[in-house]
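Straight out of TrEMBL:
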type     : residues                                              : note
ACT_SITE : 123                                                   : active site, proton acceptor
BINDING  : 105, 106, 107, 108, 223, 224, 225, 249, 250, 251, 267 : NAD(+) binding site
BINDING  : 131, 134, 182, 185                                    : Zn(2+) binding site
DOMAIN   : 1-280                                                 : domain 'Deacetylase sirtuin-type'
Ligand SMILES: [Zn+2]
């Protein structure tokens, strides 16, 4: 038996999403049950250390050394994360033609791993690495192998996990770190193919997301505090057009004033139930 708030929420979602023209926007909250740490607590306030800013990453070789040394140790945990019931439910909705588009702020590719396709990755993907010199992309796994090969002294070093695959590492270890070189041009300005703090979302990605919002009948936000402007502005578009905006999120969001309905529930429990009601 479902408790009555859950039943009511599912009835509302079923009603507004019946035509299959909703889009879904996901954030860190959908991946925390998969072991990917969240940036923010339930008040939407940033936890822990400031992540590296884009300008800082670009400015100095030492910044890139620090970034990559930590990222090398953090990668196995990101790499091993598995999609959970919420990712799988959204893949089911997509395959059933029950949603139009899937947009994510996450860089973990767990939607792809769950079987979703054409996911609009607002903030890119940690599974790719971009060379800032020649513009070519490489698989992160290949770059990881290079880093492990050239930094055997870090084998077995433990690091405290932080968000975005970064880790907290003793600075003494960083000084010796050999940064990865691009397999195409041998340049040493390699960057994970993600949008850093202080960096803009790629123009074509922002445009795709905006078009999705314009064409949608409404939007369901899953597990996001919507603090990033690239996500918040999509909510503004939906709300400004008078289309329904609903969030499933534990805790505060930046768009609380714009929401037609906020469901404070765990998405990996609620979304599989939503698949059942929409798939009838
Ligand atoms: Zn290159």
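Numbers run from 1 along the shown chain.
Cβ atoms here come from the backbone N, Cα and C positions, even for glycine.
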List, in residue order, those recorded positions out of 123, 182, 225, 250, 267 with a Cβ under 6 Å from any atom belonging to ligand 1.
182
Out of 105, 225, give me whichever of these binding-site residues has the highest number of other Cβ atoms within 10 Å.
225
Using C-alpha atoms only, work out the spacing between residue 225 (NAD(+) binding site) and residue 134 (Zn(2+) binding site) and round it to an integer in Å.
35
What is the total of other Cβ atoms whose distance to the Cβ of residue 250 (NAD(+) binding site) is within 10 Å?
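Around the Cβ of residue 250 (NAD(+) binding site), 14 other Cβ atoms lie within 10 Å.
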Cβ neighbours within 10 Å, counted over all protein chains: which one of the binding-site residues 182, 267 has the most?
267
Limited to the domain 'Deacetylase sirtuin-type' (1-280), I'd like the whole-number average of pLDDT.
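Summing pLDDT over the domain 'Deacetylase sirtuin-type' (1-280) and dividing by its length gives 90.
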Hey, which of the binding-site residues 107, 134 is the loneliest by Cβ count within 10 Å?
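Comparing Cβ neighbour counts within 10 Å for the binding-site residues 107, 134 gives 134.
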List the other residues in this chain whose Cβ sits within 8 Å of the Cβ centroid of the Zn(2+) site residues 131, 134, 182, 185, in sequence order.
132, 133, 135, 136, 183, 184, 186, 187, 189, 190
Can you name the binding-site residues among 105, 107, 185, 223 whose CA is within 10 A of the CA of residue 123 (active site, proton acceptor)?
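Of 105, 107, 185, 223, within range: 105, 107.
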Which of these binding-site residues is closest to residue 131 (Zn(2+) binding site) if you go by CA atoms: 105, 107, 223, 250?
107
Show which residues of the chain containing residue 185 (Zn(2+) binding site), separated from it by at least 6 in sequence, have their CB under 8 Å from its CB.
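Result: 131, 133, 134, 136.
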Counting across all protein chains shown, how many other Cβ atoms sit within 10 Å of the Cβ of residue 223 (NAD(+) binding site)?
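A count of 27.
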Please report the distance from the Cα of residue 250 (NAD(+) binding site) to the Cα of residue 182 (Zn(2+) binding site), rounded to the nearest angstrom.
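Here the two Cα atoms are 41 Å apart.
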Tell me which of the binding-site residues 105, 107, 223, 267 ends up closest to residue 182 (Zn(2+) binding site) in space, Cα to Cα.
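Of all the candidates listed, 107 is nearest in space.
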